[in-house]
Amino acid sequence: MHERNTTTNTPLDVTAQKLLVAQRSVDTLVQEGVLHAHMSIGLGTGSTAMPAVKRIADHLARGTLSDIAAVPTSFQTALICERYNIPLFSLSSKRIGGKLDVTIDGADEIDTQNFVIKGGGAALLQEKIAAYNSAHFVIIVDETKVVETLGTRAALPIEVVPEARMSVMRTLQDWGLSVHIREAVRKKGPVVTDHGNFILDARWQSLPTRTPQDMERALNALPGVIENGLFTERTVRVFVAHADGSVEERSASF
């Protein structure tokens, strides 16, 4: 299904698109009953996921949602949930039992097959654990994240144990990718994930010869790779905000 609705005469910037798609997607899921009381919800990380968390908090305050159990995918998300008094659980807690009803998250890129690159916020491991253990996976993005081929604009993040950084980098270079260790912004040295690992950012120097599914599996087979930012193993429901104020749905309803 490709459905768009509501337009505006004033083009929306990217920040406004992120807010629009976060609010519209959560409202739609609540109206359809996809989001409802007593659910377990995985909450993503990043600049589009955060306003979705806020919208869920709005529904809790109104009473249109109640008694939900939220599983955050990063410390950033956990802090936002605490601010809005959203009940927090771990995926392994007794109430959750390792399985989520739905996960809502943003993306760095999404292609025409609804395959996704995530991990710009270095939370790809927790994000994938949540997404791949959810009955439903919802991606919300602004229109700049939509590409024909993954890797067009965003780097592919790969989480590695520190000891494996050089061996994995060498293998990726042999595969024809350019790769570097992601450097931290407000401290010296590399980004360290919530799990104590490093992030390698890889880019294709030419069109990839492997399919996204094959690349996801091949990367995870390398010794020392914990996880990578390709999400290809789940059916995804996608909401895309556009500058004209419309929100497009790019996959079938649940």
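The backbone N, Cα and C atoms fix where each Cβ goes, glycine too.
Going by Swiss-Prot, these are the annotated features:
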- Glu127: active site, proton acceptor (ACT_SITE)
- Thr45, Gly46, Ser47, Thr48, Asp105, Gly106, Ala107, Asp108, Lys118, Gly119, Gly120, Gly121, Lys145: substrate binding site (BINDING)
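Here the features listed in Swiss-Prot are placed on the structure.
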residue	record	Cβ contacts under 8 Å, 6 or more apart
Thr45	substrate binding site	Pro72, Thr73, Ser74, Gln76, Thr77, Asp105, Gly106, Gly121, Ala123, Gln126, Glu127
Ser47	substrate binding site	Lys18, Gly106
Ala107	substrate binding site	Val116, Ile117, Lys118, Ile139, Val141, Lys145, Phe231
Gly120	substrate binding site	Gly46, Asp108, Ala154, Pro157
Let me check the 10 A CB neighbour count of Glu127 (active site, proton acceptor). How many other CB atoms are there? 30
Compute the centroid of the Cβ atoms of Thr45, Gly46, Ser47, Thr48, Asp105, Gly106, Ala107, Asp108, Lys118, Gly119, Gly120, Gly121, Lys145, then list the same-chain residues not in that set whose Cβ lies within 8 Å of it, in sequence order, for the substrate site. Gly44, Ala49, Glu127
Among the binding-site residues listed here (Lys118, Lys145), identify the one with the smallest other-Cβ count within 10 Å. Lys145
Three-state secondary structure, Lys145 (substrate binding site) (per DSSP): helix
How many Å separate the two farthest-apart Cα atoms among the substrate-binding residues Thr45, Gly46, Ser47, Thr48, Asp105, Gly106, Ala107, Asp108, Lys118, Gly119, Gly120, Gly121, Lys145? 15
In all the protein chains shown, the tally of other Cβ atoms within 10 Å of the Cβ of Asp105 (substrate binding site) is 29
